[in-house]
Amino acid sequence: MAKDGNLDFKSLTAKEVNLNNHSAQEIEVACYSRNQAILYIRKFNYGRALAHLFVALRLIPEWREELRNVFWQSLSFGCQELACKGRLHETISLRKDALLFYPDDEIMLMDLGSTYFKLDDTEQSLDYYQKALQACPSLLPASRAIQSIYNKHVERWHFRMLNDGERNGAYHKAILHRLHEGYSTVLDVGTGTGLLSIFAAVGGAENIWACESNKFIFKIAQSVLAANNVSHRINLINKHSSYISIPSDISEKVSMIITEVFDAGLVGEGVLPMLLHAWENLLIPPTEVTSNCKEPSKNKGGIVLPYSATVWVAAIQCINIARRHRLLPNVCLCCSDENTPLSFHYGKIELCKFCEAPRKFEPEDILYHLNGVSVASVLSEPYTTEDLENVAFGYELLSKPVKVFEINFNSIEELKSFNQGRLRNAPILINTNGSVDAIASWFHLNLDNNGTVISTAPFKEEGLYHSVCWHQAIFPMPCPRKVCPGNEINLQLQINKDVFEITDLGFAAGQDVSPDHLLLVSEKIISFLNNKTWMKALNTAAIGLLRDFNLDSSSNHKILDLSPFPILGLRILKDFKNWNLVANCETQMDEEYIRAVARNNSIEERQIQFVRSEILEEKIADDYFNVICIDIVDPSGELSELSLERIPFLLNRLSANGYMVPHSLSFECQLVDSDKLVSQSQVKSDESMQNFNITEFMNKFAVDYHLHTSRQGLHFAGILYSFNLVLRPGMRPISTSCQDSHYDQAAILFSLDVLAGTEITLKCLFWSGLLDIKPSTEVFTQQK
């Protein structure tokens, strides 16, 4: 490759050809085609070049290795041109023809897998990724692509459910109870691996149909049913239940529908319209049922399992939720010497229990808190989800749980009412001092109206099956809400079809710390600014950079800041009016906040220019910068693929003696042993599923690579890794795993038995920003 980026063809000379293997005419045509290919490549006409290379290689196969790099680059650029013209299917034919010459070329195989993935042909994509990995076992991009497909099509909650022995045991008991009552024809809606249908089959159901719309899961279910010798008893249908009809799919209306299509907010997976369709088309009509959950007369109508559900809410305080969803103050304003409020510890930092600010004043070099303005993250959905039992730094209930909705799945009138939208006003009585960070919600599933009830609460409840596979629905508070015992929160909630939301929130006088203005910004900005460790480090880096430049007021300088929020750039502009900042900003609301912070720090608007990520290269192609700050680590905990791809371009935009921030990075690993991530990565054993054979089929889709992992409350066996970044030479590194980090960590799982005092050698592989870490086969035991 030449320095200017074009191919260097000086070394591309034809080898002597054996005249005994080829005719003179073949050699003449092949040499002509080869030379023409080189000419077309020099003209950047890769399509014509590729056509000539195909001719040359068909005639003289011996040239394959000599022309491999030229062929691959022509193929790559040619396919890019076709893709830009929307002719993606044509690239498939080109790549397949290329494999005739290079059948074991891992890059060509992987590119073909990627093309099929773009065309949404998952099976073909997976096939070629696996072939690429067979050709080169260390091809990390292919390995990660395969795991991404597994994650997409066999979502991790399947593993959590199968590992949830209490949930499975409760469903098993309830299904047997209903079969004993005579509900013997069954439709299992959203069957997944078929576990609930197997419960029905071994329990004696006469006829069983099970539908599953996911093709991947459907094929797993086929294998599971065959392995458990019930394929002849259960009719699998690869459809969503709303597309099932009688008699083409099932022969008759059934007496019982079994389902578990519930999300953390109960109705988010569409259970209400699904059941209404089922009652109208697939289920034996019900006997008359009232809204107080009385059961229909046995064997006179169809029935749904679970029978009913209740939704519960409670006010909670959780610093981990707060710091992701609203900008926390930098100093407590509640305290006085005479009346010191309650406090709690966030790691080593003491925070006020009411405002969740440090008790010790932490000065800001950039004033990003605005007077009279509360800054919070914009939510794309009515609620988020959280595993409160394992959330970092825990949570606290500020009120007793309140039952807000009860839905009888066996009352068509109730289902219609909720499907069209039902409002409920619910007062919540506070019984503990604190700050309301969120309203948490969970539900109870009354499976059989006979005492078999599953709870998804973040704590165990006496007499109920405690399920851990469903997390809790979280409604974050955009503003601080100080509460004391006896205070009341008035909630207005609504369930409407597949949406559960809080439509209004009322606080009594004195509780509502309402700002003059609420400013909504991207969540990544909130979590970034709440990372005080990084804010201090970026300020220190800015001061050091200014000192390094030894600036005079007559010089004009530029900084490019691609961080979630341009703290480094603003800190430099605050002291020097001859600097200009180009900041990455994706939304108008984020830009509004950055401008407000600039004004708050006496920075002139003329000094700031904003650019969207997708047009960054185009906008700064002619600019040079004294400082470039990049966000090299993705919030998920892995290195940012986009940032790494941009580094060569950005280095070309760096002025002489300029600085790239961060200056360098390293990574550190921690070996851990427990089972939280194992439960959502693989099925641990058949024991949690009443010993039916499912594990071997599901674990074909197990993954060992996880992002968005928190160091706190973590339970798994493997390696947790994070990055240490040096922002400028001479500074101490800061870690992506610091206590208040806005980054999660990445984890790689494996099975390894070790003893205390054992030394493990790790093998690390780095490939285009991807990192893989595995224990060496050599394990050395040392004496303590």
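Each residue, glycine too, has its Cβ placed from N, Cα and C.
Taken verbatim from TrEMBL:
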REPEAT    106-139  repeat 'TPR'
DOMAIN    394-498  domain 'Protein arginine N-methyltransferase'
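Counting residue by residue with DSSP, the domain 'Protein arginine N-methyltransferase' (394-498) contains 9 helix, 52 strand, 44 coil. On the 0 to 100 pLDDT scale, the model's mean across the repeat 'TPR' (106-139) is 94. DSSP labels the residues of the repeat 'TPR' (106-139) in these numbers: 27 helix, 0 strand, 7 coil.
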